[in-house]
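Trainee: I have a structure here, written as structure tokens, and I will follow up with some questions on it.
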Amino acid sequence: MIFLGPLFQIVQTHYQARINHFPLIELIFYSLDKTILYLLIFMVLRWLWQLLRHKPIHWRREVKVMIFTVYILMLLFLTVFRGIYFPWQIQWHLHRPLSQINLTPLVQTLKLTQGRSPLDFFYNSLGNIFWFLPFGIGAPILSAKHRSFWTITLAGIILSVSIEIMQFLLYTGVSDIDDVIFNTLGTMIGYMIYALGHHWLKAK
């Protein structure tokens with residue numbers, strides 16, 4: 001880790017033996033550390049591009065872009081680029097059999113209800129919904145021209161399917177249709193939250 005190494009070592013020393021799912025905590029730390037690095041790179045390049053084009057920087061919008069970028073980076077690092085810090089560390093697994101992709105809806109999710117830990121079930125279902133709530137909220141805020149319910153839902157589906165394909169090709173996760181279903185549901189709920197908030201602000 002570049003930024004959070006000392007903090008992670010403290011957490012690891014005091015809590016690793018107490019938390020059953022500590023690898024998840026470790027994954028979050030590594031993902032957040034990578035997010036900080038690539039957010040800095042992205043924002044510096046973005047601002048340089050705007051300066052070169054002599055475009056004014058609207059800081060209110062930049063804050064929105066920054067928050068949404070943090071979300072997208074965290075999402076990708078938690079799902080697709082686990083264990084990958086730099087682009088040259090990417091290894092493709094192009095010869096995996098397609099039979100390793102689960103295309104039968106809800107079978108694996110129902111199996112998790114009979115597992116040893118209820119956390120696995122809740123993380124797979126509610127976790128996948130939760131992780132796409134910000135997309136349903138943030139995408140219409142940033143895209144004034146393309147903010148209809150079905151446009152944002154389709155964008156959420158495309159993002160979710162892209163993640164599943166990349167997980168399959170990089171061997172960094174299980175490609176499961178259930179993830180797409182729950183991600184889509186999360187996007188739709190997120191959009192409803194955005195729509196309610198937008199309506200409330202207009203009514204004030």
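Glycine is treated like the rest: Cβ placed from N, Cα and C.
Feature list, courtesy of TrEMBL:
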type: TRANSMEM; residues: 36-53; note: transmembrane segment
type: TRANSMEM; residues: 65-88; note: transmembrane segment
type: DOMAIN; residues: 68-196; note: domain 'VanZ-like'
type: TRANSMEM; residues: 121-142; note: transmembrane segment
type: TRANSMEM; residues: 149-174; note: transmembrane segment
type: TRANSMEM; residues: 180-201; note: transmembrane segment
Trainee: For the domain 'VanZ-like' (68-196), DSSP counts of helix, strand and coil?
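Mentor: The composition, in the requested order, is 91 helix, 2 strand, 36 coil.
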Trainee: Going along the chain, which residues at least six beyond the ends of the transmembrane segment (65-88) come within the CB cut-off of under 8 Å?
Mentor: 27-28, 30-32, 34-35, 38-39, 42-43, 46, 131, 134-135, 138-139, 141-142, 163, 166-167, 170, 172-173
Trainee: Can you tell me which parts of the same chain pack against the transmembrane segment (36-53), counting only residues 6+ beyond its ends and a CB-CB cutoff under 8 A?
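Mentor: For the transmembrane segment (36-53), the far contacts come to 2-4, 62, 65-66, 69-70, 73.
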